[in-house]
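> My questions all concern the structure below.
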Amino acid sequence: MQLFYTFGRKCIPEDFQYEYTKCDKNGQRWRVAVPKLDNLECDDGVPLPIRGVNCSFTCDAGMYLDIVTQRCQLCPKGTYSLGGGGIRYDVFDKIPPNFEVENINILPEKNADTNKETLEDCPKRKGWIVRNTELIYVPSPCFSRLSYSVDLVHPGYVEYVYRLPRNSRDLIFNVD
């Protein structure tokens, strides 16, 4: 009697994207492979973690750190880098990584009954959205929270530039 079993397949580098771990107290981090698909099962071919470049390392302006090669590369045509690890968002085609939008219906009469059949969702295309290469707020009866999460790995700053119309209801701005 022969037994055959399969759990997964031999994976290839294109099955993964790379991320850095958080920096430790010595300024060191690891580059780890993360599957692009949630249900990926590999028997072989999973890249091992490797020591990443030091957390204080930055590339010059016009260059970026390629996470695969861990070397500074020229920015692709039509893009740029501020150098020193800076990130700038000023043209949007979608909500960028590390940004999160949460729309919450805060009208008590809408949420008084917890029966899911009567609970109303917030309108689509309202709150914080991307329109015409800009990140904008479209008024809504819901509370819309825009969050940006970033780990500063060496001393630096975060700067936000925004326009607020006079007829706007409120803007609450928190930085942790």
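Please read every residue number as a count from 1 along the shown chain.
Cβ from N, Cα, C; glycine included.
Found this in TrEMBL, in case it helps:
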DOMAIN    86-175  domain 'Elapor1-like galactose binding'
> Please work out the helix, strand and coil residue numbers for the domain 'Elapor1-like galactose binding' (86-175) from the DSSP assignment.
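For that range the per-state counts are 4 helix, 22 strand, 64 coil.
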> Please work out the mean pLDDT for the residues of the domain 'Elapor1-like galactose binding' (86-175).
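A mean pLDDT of 76 is what the predicted model shows over the domain 'Elapor1-like galactose binding' (86-175).
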